[in-house]
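To keep things clear, I will list the structure first and then write my remarks on it.
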Amino acid sequence: MISENAPSSPSSKPLLRALRGEAVWPPPVWLMRQAGRYLPEFRAMRDRADFLTRCMTPDMATELTIQPIRRYGMDGAILFSDILILPWAMGQSLEFIDGRGPVLGAIRSEADLARLDPKRVQDAVAPVRETLSRLTKELPDVTTLLGFAGSPFTVSCYMVEGGGSRDFAETRRMMQTNPALFDRLIDTLTSSTAEMLCGQIEAGAEAVMLFDSWAGILPPSAFRRYVIEPTRQIVEYIRARHPKTPIIGFPRLGGIMVREYAQKTGVNTLALDTVADPAQISELVSEVRPGLTLQGNMDPMILFSGGETMIREAQAIRDAMRGKPHVFNLGHGVMQHTPPENVAALVEAVRAV
């Protein structure tokens, strides 16, 4: 256990304050994929169990979540899990293969979709809720606990393709040739994601994040239909049950569509990818969502490279957002071979006054 202190109030948690719209200085910092293979202590646990087992074993998932907090004192601890836990929980086969990534039984027909059972989800993900419950007791009092899920469109891409893809051709084909089937898949994921995130909040998550990693492959009309609308429905559902819980949305590579995303989804925080300029995006969305928190967005490659260039870039992003609600993060996940000392230097640079 890291902390023996009495429970703190939300006002003492810098990340939670920023996610609720406060301009905190210096900005809170956490990193996507901060619990990952770049850490030697993470690699040491890889030999003990496969990836899915680590996600679904509370002892392991708790330890993996805490590792970057213990090492760096991050302001946020994001649950160690995976966006594909949801389709697995509904009954889709899932295996993580070294060098290849996730492999799922592809959804290509009505019969394939019919084999999934959303009613299984809450029981199947009970170990995830147990992990969150344990983390509420073991994290430092100033650390905000983050839950997360994949957004419906991104999760559907993996479900239809049967894994990762360069172009998600089968997903795009289904959208065109069998839109009714694809719509049912999106609807199923939307309701199940909303319910699963509420379960995470009830288990202890203080904020949740929706990862839409492949949002940027869609043209505007499809982006509205399959990214904005499902996200809006999820936010609405969560807010009805947990009105004070901040929600972070990450429509990666959404480009100009992020303005409409910010306006219509209702997320509290807009996470930015590496190609976005935080100051420009802040100005772009200020008319439709004044006071919206932005999160991001240093290039993970700059973190990988380290040195003075990294320090200058990190502080330039930080300084450009001074006086506005901002959470420092990357524009994508920490790269596998990133030197751990670079992460330490980054956190120090962001926090330097």
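Keep in mind that glycine also has a Cβ here, set from the backbone N, Cα and C atoms.
Just so you know, the Cβ of Tyr158 (substrate binding site) picks up 27 other Cβ atoms within 10 Å once every protein chain is counted. Sequence annotations record features per position, and here Swiss-Prot assigns substrate binding site to Arg33, Gln34, Ala35, Gly36, Arg37, Asp82, Tyr158, Ser213, His332 based on sequence analysis.
When Cβ atoms from all protein chains are considered, those within 10 Å of Asp82 (site 'Transition state stabilizer') total 19, not counting its own. Marked as site 'Transition state stabilizer' by Swiss-Prot on the basis of sequence analysis: Asp82.
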Residues near Arg37 (substrate binding site) in space but at least six apart in sequence (CB under 8 A): Arg43, Arg46, Gln336
Neighbour count (Cβ, 10 Å) for Ala35 (substrate binding site): 24
Under 8 Å by Cβ from Arg33 (substrate binding site), counting only residues of that chain that are 6 or more apart: Gly333, Val334
Those residues of the chain, 6+ apart, with a Cβ under 8 Å from that of His332 (substrate binding site): Met32, Arg252, Asp273, Thr274, Asp299, Pro300
Pairwise CA distance, Asp82 (site 'Transition state stabilizer') versus Ala35 (substrate binding site), rounded so that it is a whole Å: 12
